[in-house]
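Swiss-Prot annotations:
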- 34-54: transmembrane segment (TRANSMEM)
- 78-99: transmembrane segment (TRANSMEM)
- H84, H183: heme b b562 binding site (BINDING)
- H98, H197: heme b b566 binding site (BINDING)
- 114-134: transmembrane segment (TRANSMEM)
- 179-199: transmembrane segment (TRANSMEM)
- H202: ubiquinone binding site (BINDING)
- 227-247: transmembrane segment (TRANSMEM)
- 289-309: transmembrane segment (TRANSMEM)
- 321-341: transmembrane segment (TRANSMEM)
- 348-368: transmembrane segment (TRANSMEM)
Amino acid sequence: MNKPLRNSHPLFKIANNALVDLPAPINISSWWNFGSLLGLCLIIQILTGLFLAMHYTADINLAFYSVNHICRDVNYGWLLRTLHANGASFFFICIYLHVGRGMYYGSYMFTPTWLIGVIILFLVMGTAFMGYVLPWGQMSFWGATVITNLLSAIPYLGMDLVQWLWGGFAVDNATLTRFFTFHFILPFIVLAMTMIHLLFLHQTGSNNPIGLNSNIDKIPFHPYFTFKDIVGFIVMIFILISLVLISPNLLGDPDNFIPANPLVTPAHIQPEWYFLFAYAILRSIPNKLGGVIALVLSIAILMILPFYNLSKFRGIQFYPINQVMFWSMLVTVILLTWIGARPVEEPYVLIGQILTVVYFLYYLVNPLITKWWDNLLN
């Protein structure tokens with residue numbers, strides 16, 4: 001009997017095993033939709049970015065005005081730009097929910113998948129930071145100056161590294177050109193890393209909400225989860241389009257409507273909202289190098305999860321105290337986001353420092369509490 005083309009064609013077979021005949025746990029909830037939503041976000045960002053790049057000019061004298069030109073003169077340029085800017089926000093909403101799901105349900109026990117996921121998160125954060133610099137508004141310029149300056153905290157190599165990154169003695173034309181170059185290439189590297197992320201995931205199969213082996217009860221990915229994913233796509237696109245058409249500048253910074261001026265510093269230099277929690281952690285350490293280390297660790301600490309797991313059950317569904325701790329940690333991150341947007345003055349400094357300690361303590365104490373709970377029930 002002839003096999004369907006999707007089972008015999010060498011290229012279609014790969015797609016088929018990943019998207020059609022893939023055995024998926026029957027009980028995965030909507031929390032498992034965010035992987036496909038991130039794929040959709042990445043495609044939206046690459047497509048809108050590609051068309052924006054056709055009209056953008058990476059030159060400090062022209063960048064701000066080329067963005068203005070895109071919004072005023074290019075057909076649907078305003079739509080492309082607002083979709084791209086707000087698409088980044090949705091990308092981060094989905095990525096944080098995706099990571100939170102992985103932490104809650106113990107998906108980090110797929111060690112290679114998890115570690116590649118954290119690397120993807122770093123790459124996406126780097127891409128978003130460089131994209132924020134491109135319109136060359138006040139916050140673009142000063143954000144680039146402040147964040148790249150952090151490299152100078154590295155002992156011995158610091159200043160050389162910063163000047164090498166800038167391509168001169170200050171953030172200038174060379175910096176903008178290279179940031180545009182990297183901003184263009186990185187999403188394609190993220191795309192390649194996503195393929196590897198999926199490759200490792202499909203070696204083990206998906207986790208599920210009860211954290212047990214689901215090999216005895218699996219269903220094909222298509223049509224069940226393809227349609228479930230499409231429902232997620234519709235919901236997300238609806239919210240994104242609503243934001244873009246009703247209040248496109250809601251999540252942006254008003255300072256970025258002012259062309260970059262190296263002689264005037266904005267009153268409050270702050271990144272986009274999705275970096276504020278990390279920015280608050282950076283600011284809460286009085287020492288420059290210590291702040292940089294804390295900033296990197298705020299994300300890199302996710303990498304310890306697979307190696308510091310002491311529980312008998314996968315995830316924290318069956319650990320009530322850990323559930324309370326998890327949601328408290330989420331509140332901590334939200335409060336850090338609020339602190340990141342506040343000026344550096346009391347009581348905000350102290351609150352930020354307390355929240356930073358609480359944030360890092362979660363990762364260290366959480367496995368110990370699961371161990372204690374297991375011993376209690378023995």
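All residue numbers here begin at 1 and follow the chain in the order shown.
Using the three backbone atoms N, Cα and C, a Cβ is placed for every residue, glycine included.
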The rounded CA-CA distance in Å from the residue listed as 'ubiquinone binding site' to H84 (heme b b562 binding site) is 30
Sort out for me which stretch, of 34-54, 78-99, 179-199, 321-341, 348-368, has the most Cβ pairs below 8 angstroms to the transmembrane segment (289-309).
-> 348-368
Candidates H84, H197, H202 (binding-site residues); min other-Cβ count within 10 Å returns H202
Take the transmembrane segment (179-199) and find every residue of the same chain, 6 or more past its ends, with a Cβ under 8 Å from one of its Cβ atoms.
-> 18, 38-39, 42, 45-46, 49, 53, 56, 58, 113, 116-117, 119-120, 123-124, 126-127, 130-131, 133-134, 144
Hey, which of 34-54, 78-99, 114-134, 348-368 has the most Cβ-Cβ pairs under 8 Å against the transmembrane segment (321-341)?
-> 348-368
Best-packed against the transmembrane segment (78-99), counting Cβ pairs under 8 Å over 34-54, 114-134, 348-368, is stretch 34-54
Mind checking which residues reach the transmembrane segment (114-134)? Cβ under 8 Å, same chain, six or more beyond either end.
-> 49, 56, 58, 63, 67, 88, 91-92, 95, 99, 102, 107-108, 140-141, 143-144, 147, 175-176, 179-180, 182-183, 186-187, 189-190, 193-194, 196-197, 200, 271-272, 274-275, 299-300, 302-303, 305-306
Under 8 Å Cβ to Cβ from H183 (heme b b562 binding site), same chain, six or more residues apart: give me those in sequence order, or none if nothing qualifies.
-> G49, T127, M130, G131, L134
Intrachain residues whose Cβ lies under 8 Å of the transmembrane segment (348-368), provided they are six or more past its termini | 280-281, 283-285, 294, 297-298, 301, 304-305, 308-311, 316, 322, 325-326, 328-329, 332-333, 335-336, 339-340, 342
Which residues in the same chain, at least 6 apart in sequence, have a Cβ under 8 Å from the Cβ of H98 (heme b b566 binding site)?
-> F34, G35, L38
